């Protein structure tokens, strides 16, 4: 018997198809793209994307509905769906199409205002790399140096209160066009933000896309004096100053990209920020997206790997190229932080002398966080690790508790007890690792 889906279940059904056919989102080469269709709820903004070999099965269900709610769906071409979203068309003017037609070239996204930097061919190349859930929406120009002047502060103000994906497009004085796509709008923040769907692109002479490598989580960082995308290594993948006049682009581990401009330091000629007109719920990525392709040093089953890669919504109090820090969800003291390496490293029992610098760096990061929170008496701080099998997460993590004198008797003083066989201080671990190497 067929299964009917009500109007309110469209988002759940969409997520199911994403998990059912994740390969349809790797559109890197059009020669490998299978013809596609949209299952369209008879509402202008509700679509489900499927491949043509699955469309026949679903169409059979829709052709023999078990109740009236099934009749709220129809199958149309991807290209038609984009045309129907055009501002100059309406449902009354739609022309009937055969129920099955193979998808032609990607339609150009609808821009409410003309872009001075992207032509139709540029847009066609970009759309194939955007998340499928936003390809069919119209886009609006929210900031342009030609219209709004050159001010990063103005750009932040124009995006305030918006929650949609954004394209940043830059044209330098050498006429080279490049930029970045972010699933979240640019804003001022103390910490890096963004999702694994963030990517860089460049034109001239050929179109190139650089996707997130998973090597670190330095995706986007907005400051009042600069906008930074990517990081680690020798510099940012893309950096713009407060006046949006000067920029820089370096190869970096976040995207494994080549410099986007012909010169590492460049002068901006024109710049545009273009945002998709979508609901906030539609702008968020499917959670399995970034974890589906784990990079080296990333364990998709590890909760702390997901935390440092911004998949859990946890606030990162500290994040650099090697180390991240966040609050313990079950604090054992007024200040209780966890310091972890960004790359997946096993528990403390698996470490060798080569890991001593890492442990020292974790302790220093813990001290920095304490100082930022006005904890200056380091003699009343406990730095330590749980010894296997008494650690619930295998990803190496340092507990930083302060003031140690204010830990409760039970269970905190028991769980983080000194000289116990389940808890080892950072100094004891370092001493142990050094002795291991000497005895070997």
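A Cβ is built for glycine as well, from the same backbone N, Cα and C atoms used for every other residue.
Automatic prediction, not curation, is the source of TrEMBL annotations.
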TrEMBL annotation of motif 'Histidine triad motif' - which of the ranges 385-389, 390-394, 395-399, 400-404 it falls on: 395-399
Sequence-remote partners of the motif 'Histidine triad motif' (395-399) [C-beta within less than 8 Å, at least six residues beyond its ends]: 299, 302-305, 328, 332, 336-341, 344-348, 351, 358-359, 362-363, 366, 382-386, 416, 426
Residues in the domain 'HIT' (303-410) grouped by DSSP into helix, strand and remaining coil: 35 helix, 24 strand, 49 coil
